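Below: one structure, written as structure tokens.
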Amino acid sequence: MVFLLCFFLVADVSYGINGDCELPKVVGPCRAGFRRYYYNSSSKRCEKFIYGGCRGNANNFHTLEECEKVCGVRSRDSPKEN
């Protein structure tokens with residue numbers, strides 16, 4: 001069991017970004033107007049969008065911090081590595 005857990009953790013790190021983060025932004029057909037964040041694979045950043053409230057996908061986060069954590073994006077405020 002521990003071996004499997006280690007394997008999946010290494011595999012996740014090795015292959016980079018969570019697959020859900022590669023999904024396109026989906027606003028959805030409803031009109032609720034929730035502020036959400038998604039990972040933009042072109043800019044390699046989490047960005048704000050307005051979510052309609054239904055028929056979205058997993059690339060839809062309540063906070064910028066949650067998006068950055070799940071998608072492996074460093075915060076804009078963290079110091080750059082040399």
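Residue positions begin at 1 at the first shown residue.
Heads up, the Cβ atoms here are built off N, Cα and C, so glycines get one too.
Under the heading disulfide bond, Swiss-Prot lists CYS21-CYS71, CYS30-CYS54, CYS46-CYS67, citing sequence analysis as support. Here Swiss-Prot flags 21-71 as domain 'BPTI/Kunitz inhibitor'. Positions annotated as signal peptide by Swiss-Prot: 1-16.
Distribution of Swiss-Prot features across the structure.
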| residue | record | Cβ contacts under 8 Å, 6 or more apart |
| --- | --- | --- |
| CYS21 | disulfide bond | TYR39, SER41, ASN59, VAL70, CYS71, GLY72 |
| CYS30 | disulfide bond | GLY52, GLY53, CYS54, ARG55 |
| CYS46 | disulfide bond | TYR37, TYR38, TYR39, ASN40, PHE61, LEU64, CYS67, GLU68, CYS71, VAL73 |
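In this view, CYS71 (disulfide bond) is surrounded by 23 other Cβ atoms within 10 Å of its Cβ, with every protein chain counted. CYS46 (disulfide bond) falls within a strand segment according to DSSP. Look at the Cβ of each of the disulfide-bonded residues CYS54, CYS67 and count the other Cβ atoms within 10 Å; the largest number goes with CYS67.
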